[in-house]
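Written out below as structure tokens is the structure these notes cover.
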Amino acid sequence: MTPMALPAWLQPRYRKNTYLFIYYLIQFCGHSWIFTNMTVRFFSFGEDSMVDTFYAIGLVMRVCQSISLLELLHICVGIEPNHLLPRFLQLTERIIILFVVITSQEEVQEKYVVCVLFIFWNLLDMVRYTYSMLSVIGISYAVLTWLSQTLWMPIYPLCVLAEAFAIYQSLPYFESSGTYCTKLPFDLAIYFPYVLKMYLMMLFIGMYFTYSHLYSERRDVLQGFPVKKKKV
């Protein structure tokens, strides 16, 4: 007797795709809610809404970014096809800026740069998670594919500049409050503003590496992209 085939819903590939679809859907809903909330608040309250962006949506943003760390696990176990180091650099950038720089300093939370960062992050993530969610279930749209592989080109460098500006604006507050400054044995100490300044340089080095990787990935994905040729 031939062994009975497993039902589709019990097959490992089906379970993996179902899990990834639910993950991408949750992230898409979270980032869409954030972006919609920011848009409605801006048209309702104008520039005043930018000051309390973090108070209004900071919790949801922190939840979404915390969940995104699962993507490193996805890559490690092989259920998501991606390179670990570039994704690690992108995620750590956001985690450090959001949790270390912005969340720990209440004065920074009221800066306009927080609103700008949230807009850039959510624009990229809404498109990326939409593309990934549909790809898992075998749906592909040429326009969405092109957008997901192109939108990051102008926005990602702007994200890094905004992140660097957020660090720059936070330095006086870290210097005055002494947050994260730690004394070590043998009369040594960690002065956190110096750590941030060093990270500021590493941020641009990481941007070059990540940009190069994303550009190579874009070239590979769009090799079969339909291009309309003009008739002579």
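Placed from the backbone N, Cα and C atoms, the Cβ positions cover glycine too.
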Key: Stretch carrying transmembrane segment according to TrEMBL (options 21-43, 67-89)   = 21-43
Task = Could you tell me what the rest of the chain brings near the transmembrane segment (21-43), counting residues at least six beyond its ends with Cβ under 8 Å?
result = 49-50, 53, 56-57, 60-61, 63-64, 67-68, 70, 74, 115, 118-119, 121-123, 125-126, 129-130, 132-133, 136-137
Key: Long-range Cβ neighbours of the transmembrane segment (188-209) (under 8 Å; 6 or more residues past either end)   = 85-86, 89, 93, 96, 101, 156-157, 160, 163-164, 167-168, 170-171, 174-175, 178-182
